[in-house]
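Novice: Heads up, here are the entries from TrEMBL:
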BINDING   G133, A134, G135, K136, G137, T138, R246, D291  ATP binding site
REGION    153-183  region 'NMPbind'
BINDING   R159, R181, I182, V183, G208, F209, P210, R211, Q215, R252, R263  ribonucleoside 5'-phosphate binding site
REGION    245-255  region 'LID'
Amino acid sequence: MLSTIRASSSAVARRAAFTSTTQTAGRRLFTNSAIRAAAAQESSSAAAAPIKKSGGSNWLTITGLTMLAATSGYYLFSPVDAKPTAAKEAPVTVAAKKQEAPKPAAKTPEIIAAENKAALQDTTVIFVLGGPGAGKGTQCANLVRDFGFVHLSAGDLLREEQQRPGSQYGELIKTYIREGRIVPMEVTIALLENAMLASGQKRFLIDGFPRKMDQAMKFEETVVPSKFTLYFECPEEVMLKRLMKRGETSGRADDNIESIKKRFRVFTETSYPVIEHYKKDGKVHTVSCVDAPDAVYAKVKGIFTNLFKDQK
């Protein structure tokens, strides 16, 4: 590094220094040794008239050398003889720093769950329950047409998921459905929540769910509370007759006598307690399904007209 070197401002000294320069990459360089030689030459010829000191010193600093070079058209110093000064990297500008802003951190499952719950606020959810073959799907289709609800069948979502290529739950769902058992609630609730978010709507009929009390509690805790439960009441012998008839054309793996009987037993043991629980809170509307579908819907429509008469 250029520190301080004794030098003169006379033209003789400057010419001597610049005569000893080298040119590198199109730039004229002068070295410490050249400046020292010029200073020595000038000192010997002007001993009687020393350089006037400025601020108590006649030592020329890096600032002085810069000024000296500027007056003669030379602008690059070499701190070491015959070794040109390396160019410095350009400073990073404010704009460049803004462009290199760090990427946001990935969202945690807890943050995603909170965002989903917020998105489903002010949502109306009605649980639609009834034994297998009670006619839930037919009545839900009528309500979609007349009241603008979105119909989500837990069974249909599970069957679609088991057929989806690459599904991690496909084989598990297939086994549970074939054996007439209840699919783990985490899977069913996740499928329902995703379908609700994807629809962008605010009114939902959830058909065939919850089938157990813990499913009901978990759904209302993590997704949204239900408004009420619509329970389609139907004797087993009527439902059995309907399911056997449907099995002739449905192609469903669970439309056989063995699976149907298992489903009846599961509904009685696990799903009906959910209905009893909500009855205690006054949140169940019961409709008999023995009559023809149109007659059943007349009763259902009356309930919904009364409850949603002030809503579009």
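Glycine is treated like the rest: Cβ placed from N, Cα and C.
Because TrEMBL annotations are produced automatically, they should be read as predictions rather than curated entries.
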Novice: Spatially, and counting Cα to Cα, which of the binding-site residues is closest to G135 (ATP binding site)? Options: R159, I182, G208, P210.
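Specialist: Ranked by Cα distance from G135 (ATP binding site), first place goes to G208.
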Novice: Between G133 (ATP binding site) and R263 (ribonucleoside 5'-phosphate binding site), find the distance joining the two CA atoms and give it rounded to the nearest Å.
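Specialist: G133 (ATP binding site) to R263 (ribonucleoside 5'-phosphate binding site), Cα-Cα distance: 10 Å.
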Novice: Looking only at C-alpha atoms, tell me how far R246 (ATP binding site) is from I182 (ribonucleoside 5'-phosphate binding site), rounded to the nearest Å.
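Specialist: With distance taken Cα to Cα, I182 (ribonucleoside 5'-phosphate binding site) is 21 Å from R246 (ATP binding site).
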Novice: Relative to the Cα of Q215 (ribonucleoside 5'-phosphate binding site), which of the binding-site residues K136, T138, D291 has the closest Cα?
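Specialist: Looking at Cα distances from Q215 (ribonucleoside 5'-phosphate binding site), the smallest one goes to K136.
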Novice: What whole-number Å value do you get for the CA-CA distance of G208 (ribonucleoside 5'-phosphate binding site) and A134 (ATP binding site)?
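Specialist: Their Cα atoms are separated by 11 Å.
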Novice: Let me make sure I understand the span of the ATP site: among G133, A134, G135, K136, G137, T138, R246, D291, what is the greatest distance between any two Cα atoms, in Å?
Specialist: 18
Novice: Six or more residues beyond either end and a Cβ under 8 Å away: which residues meet both conditions relative to the region 'NMPbind' (153-183)?
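Specialist: Same-chain contacts beyond the flanks: 137, 140, 191-192, 195, 206-209, 211-212, 215, 252-254, 258-259, 262-263, 266, 270.
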Novice: If you measure every Cα to Cα pair among R159, R181, I182, V183, G208, F209, P210, R211, Q215, R252, R263, the residues listed for ribonucleoside 5'-phosphate, what is the largest value in Å?
Specialist: 24
Novice: Between I182 (ribonucleoside 5'-phosphate binding site) and K136 (ATP binding site), find the distance joining the two CA atoms and give it rounded to the nearest Å.
Specialist: 18
